[in-house]
Ligand code: ADP
Ligand code: MG
């Protein structure tokens, strides 16, 4: 499935005012950007537009403002400064989004200039997708570019609105994310091994369901494994995370996988503890022998080996969700083992999605060994559930 929307390559931007929605929703500490991943991810499109003489107007949200006006600690100024630092370009910033001041700053732009507007969410109407917001923003541009993959699943003013009034195309990040995360469902190189973990079956049911349609092997780990154990008929999972209401759905997933000939791998052993905490000590038990007073915190060593062997055979790997409570060093081993197995398979295409999974891969310093690390948690999960993203839907179709 190739990307089906127009991109910046398909339009003439020379001398034009290009209004671009980026995802500069970066973490800040004392007014300084602590993780610049999202700013970096927007640079290829910005550089392209600059090389092609566009007047570039960037807009984004940052954090969760109340929407009643400016909140200095949620200003986009630090993100604009970071962009200047990373590119060496002169980056202008205006502390206004929808008013006179913003319009004047836009009017003063020369070809090749870059302007960052203030946080689009300082006004409540942005999240409500108010048409007035869209109209005002659209008046700043001749063309609209969406490159904010991380918010492409939100039908909000600055994400979908300008597409109603302007030619609307994708930036390179959006194109790459959508293309990568949908191609695993079209023509993955096989074997395709999908790995799903994290805490709950309930939050991942759409992901599991859609992955079973396309994967050859589905590896399950993390807290959701215990609900699957119950679905398989194990008598107890001790005090492990479990969702009684989801046992039946878990059983349906196992059945669906069997019907489709998808191999499911569940943990054969687990690291359990007597309480949930950083200081808890792990002990290894078989999956059908979890003591009543113990909770599963990580996959065990036999499971690590089982999973690593399956991953070693893969030509395509998609991974979402840690194998255990990786935030605690005592229970990070299973997630690390899986991350290392993916990293070691140099011949495979490896795609990592989900906020915590990406954090885990970064924690183990393996990010540069992966083929693609998605910059959008929620948006990537919606794609993997097979949903369309409103921001992408609103763009012009490629011919
Ligand atoms: P992602 O953000 O990658 O989509 P999730 O948010 O679904 O992943 O899940 C991540 C969380 O799952 C982590 O905070 C991790 O501690 C938790 N988790 C993993 N295994 C277990 C477990 N056995 N018991 C409780 N929580 C778990
Ligand atoms: Mg998460």
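Each Cβ is built from the backbone N, Cα and C atoms, and glycine gets one as well.
Note that the coordinates shown come from a computational prediction; the quantities given were computed from them, not determined experimentally.
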Substrate site partner of 23, 24, 25, 61, 62, 63, 64, 121, 154 (as recorded in TrEMBL), chosen from 9, 38: 38
Co-listed ATP-binding residue [TrEMBL; alongside 204, 296, 354, 355, 356, 357] among 177, 278, 327, 382: 327
Spatial separation of residue 354 (ATP binding site) from residue 121 (substrate binding site) - C-alpha basis, Å: 24
Fewest-neighbour residue among binding-site residues, criterion Cβ within 10 Å, set 25, 357: 25
Between residue 204 (ATP binding site) and residue 154 ((2R)-3-phosphoglycerate binding site), the C-alpha gap once rounded to whole angstrom: 19
The one of 38, 61, 121, 154, 204 whose CB sees the fewest other CB atoms within 10 Å, among these binding-site residues: 154
Cα distance (Å, whole number) from residue 61 (substrate binding site) to residue 327 (ATP binding site): 28
Residues flanking the (2R)-3-phosphoglycerate site, with Cβ no more than 8 Å from the Cβ centroid of 38, 121, 154 and excluding those residues themselves: 23, 25, 60, 61, 62, 120, 148, 150, 151, 156, 159
Any further residue of that chain within 8 Å (Cβ to the Cβ centroid of 23, 24, 25, 38, 61, 62, 63, 64, 121, 154) of the recorded substrate site: 60, 119, 150, 151
